[in-house]
C-alpha cells in the first residue's frame, strides 16, 4: 500500500493490515481527555488528575493503587479508558557499566521498536523511535535495511520517553534504575528507528507532549530535544514554522549528490543543495544551530577531498558537524574510518572554520549505537523485564 502523508504531501510506503493502537491519554489534548472523563460520567478534572500521574509521576495502569487522589471506585474505568498498555518490554540489554540500556519493545499489534537510554555525568539522553522500521533504505543502517512496518502513534513515541524518565527516577537498580542513583531525564533525540519527519503529525504532537507542562506533558526543555532527518525538505520547512526551538539534525553523510544518492536514496528526490537550503532556513527561523550528521565510512566518504567539499558547503553557517565512525551491521560490509582518518577529517573541517567533533559512541556491543537498531546484538546482557 502507498499512502500520501498529510504532513508533507509526499508519497511514502506504508504497510497495510496493521491495527491502530488503542487510545491513550498521550494521544489526546486536554479537552479530548476531559471529554473522555465526562463520557464516563465523571467530572472533567479527573482527566487532569490522571494525566498528572502519568506525566509527572510516570505511573502506569499497574500503578493505579498509587493514584490516591482518585476515588478507588472510578480508577478502573478511567485507567482502562486512557491508560492502556501500548508497549511491552521484550528484552533489555545493558552495557557501558550499566550506563547504556537498550529496550526492545513489542507493540499491541506485534511490531518491534527499540529505544536507548544513556546516562552521562551531566545529563541523561533517551534515543526514541518514531516508526516501526524505516522506509528510507539507507544501505549502512540496520533499520533501513529491514524496511518500514508502520508509523508509531503519538502515545507510542511518548511512552518510550516516559519509561526512560521512570527509569531515571528509580532509586535503585533493583527497581529498574541505572547505576548511580536517581536522576532526571534531560534530553530526547529522535534518532531511533524510522524517519521522524515521515510521521510528521505524530511527531509534532509528541514534541508538544514532551515540552508542555503537566497536566499536558512532561515539561522538558525544547532545547533538549533533537529531531533527526535524512532530508524531507517540505517537512523541514514546515517544522521551522511550528515555533518549537528544537534542534534539527540532518543526516547528510556525503557532500555531493553522486555519493549521497547511494548512501541516502531519498537524495534523488531532494538533493544536497535543497536539503541544506531548508536546514539554513530552519536555523534562521529558530535561531538553533543545525547538527550535520556524517557517518565516516572507510574508503567511501572519508577522503580529505570530501572533507574540504563538506567544509565549503557549511562554512559561515550556523552548523556543527557530528562525525560518527560507522557502526557495524550485519547487512553491510563497510567499515568505520580508521582513527587517523577520523582525525584528519576533523582537522580539515576545523581548519576551514567549521565546528566538528567525533561522537562518543555508546552501545555498540549491544547493537544500540547509531545505525544499529534492529540489528542482532552479539551479546545478550540482560533479560526482558
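For all residues, glycine too, the Cβ spot is worked out from N, Cα and C.
Some features that Swiss-Prot has for this protein:
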| type | residues | note |
| --- | --- | --- |
| ACT_SITE | 114 | active site, proton acceptor |
| ACT_SITE | 370 | active site, S-methylcysteine intermediate |
| BINDING | 134, 138, 141 | [4Fe-4S] cluster binding site |
| BINDING | 194, 195, 228, 251, 252, 253, 327 | S-adenosyl-L-methionine binding site |
| DISULFID | 127-370 | disulfide bond |
| DOMAIN | 120-364 | domain 'Radical SAM core' |
| REGION | 1-24 | region 'Disordered' |
Pairwise CA distance, residue 134 ([4Fe-4S] cluster binding site) versus residue 251 (S-adenosyl-L-methionine binding site), rounded so that it is a whole Å: 14
Those recorded positions of 114, 127, 195, 370 having Cα within 10 angstroms of residue 141 ([4Fe-4S] cluster binding site): 370
Pairwise CA distance, residue 228 (S-adenosyl-L-methionine binding site) versus residue 370 (active site, S-methylcysteine intermediate), rounded so that it is a whole Å: 12
Rounded Cα-Cα span from the residue listed as 'active site, proton acceptor' to residue 253 (S-adenosyl-L-methionine binding site), Å: 23
Candidate nearest residue 251 (S-adenosyl-L-methionine binding site) in space, where candidates are the recorded positions 114, 127, 138 and distance is Cα-Cα: 138
DSSP-derived structure type at residue 251 (S-adenosyl-L-methionine binding site), helix or strand or else coil: strand
Shell list ([4Fe-4S] cluster; ref centroid = CB of 134, 138, 141; cutoff 8 A): 136, 137, 139, 140, 142, 143, 144, 145, 230, 371
Recorded positions listed as 127, 134, 138, 141, least Cβ neighbours within 10 Å: 138
Those recorded positions, out of 114, 195, 252, that come within 10 angstroms of residue 127 (disulfide bond) at the Cα: 114
Proximal but sequence-remote residues of the same chain as residue 370 (active site, S-methylcysteine intermediate) (Cβ under 8 Å, at least 6 apart): 191, 293, 295, 324, 327, 359, 361
Neighbour tally for residue 327 (S-adenosyl-L-methionine binding site), based on other Cβ positions within 10 Å of its Cβ: 21
Per-residue Cβ crowding (10 Å cut-off), top of binding-site residues 228, 251: 251
